[in-house]
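So that you can see what the record holds, here are the features copied from TrEMBL:
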TRANSMEM  21-41  transmembrane segment
TRANSMEM  47-72  transmembrane segment
TRANSMEM  84-108  transmembrane segment
TRANSMEM  160-193  transmembrane segment
TRANSMEM  224-244  transmembrane segment
TRANSMEM  250-267  transmembrane segment
TRANSMEM  288-308  transmembrane segment
Amino acid sequence: MGMLSNLSAEIRQYLIITGNYWAFTLTDGALRMLVVLHFHQLGYSPLQIALLFLFYEMFGVITNLVGGWLGARLGLNRTMNIGLGVQIIALSMLLVPSSMLSVIWVMAAQALSGIAKDLNKMSAKSSVKLLVPKDAEGSLYKWVAILTGSKNTLKGVGFFLGGALLALLNFQGAVLTLIILLTLVFLFSVLNLKQDLGKAKNKPKFTQIFSKSRAINYLSAARLFLFGARDVWFVVALPVYLAANFNWDHWWVGGFMAFWVIGYGIVQSFAPLITGTKSGNPPDGKTAFYWASGLMLIPALIAVALHVEIQPLQSLVGG
């Protein structure tokens, strides 16, 4: 704490927010891997496992829609801490005996986890926007890229942590470990996060949750489909496919998923450099279109290779 006191208030808040976000992301990634591998081990079909994440994504989307409105009314510190608290409740629901872990029960826990995840993510990114000086869009792009990239790196570590905890402990022991970690972070955040961060003086109306910009609304809808498509194959299908078809154990599945997401996070941290924004100007819609058009070829080629059975393992891992 002595080192923190020597820093400016803005830097201290940024470090607390980032640490909060990192810890949440670590436990969220571990929880995803725990749920997929544990329920696959219990004999659940891939479709049943996918259903476990249905409410996670659905309630995450709803929370993301109203999160900004809640943050402006309650303050971003409160929405961030509420996210941590809700995640602790969601994890606690999974401590019941395995015989009580029905699909409906786990879906309810995952719904809470989806709410928690988007409250925490929205609060972190919005807080960074407030801490960056006005008229510094280029700096904001870089700060958010670093925060998001580091988040994905930590999510990758979380995937490995989930697989490792499941291999070393039982499911309940692994979940309890995550609860203890998150509770410590929650207490630190409640005591140290600025109380009025992001709270609007004039309470926004609920009807203001949609942007007045058509381009932003289109971009939001595109992100919904992008992340939905990613999670369908990456969060559920890929780990189950690796375990079922290639007999990979928890260590191998968790390690591979971790390696992939960590690499993804590193690339994302360098997004401002990769997209050619050395001048400090953020990318526009044309930039996003060109990159999306080129990158969509990679998953398309993977799908073709798997369909015609051209070296499935090599095509999947290499792609």
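Yeah, the Cβs are placed from backbone N, Cα and C, and that goes for glycine too.
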Does the chain bring the transmembrane segment (160-193) near the transmembrane segment (288-308), so that three or more CB pairs sit under 8 Å (pairs 6 or more apart in sequence)?
no
Residues of the same chain, at least six outside the transmembrane segment (21-41), with any C-beta under 8 angstroms of its C-beta?
48-49, 52-53, 83-84, 87, 91, 94, 101, 106, 110, 113, 116-117, 120-121, 124, 147, 150-151, 154-163, 165-166, 171, 174-175, 178, 181-182, 185, 235-236, 239-240, 243-244, 250, 253-254, 257, 261
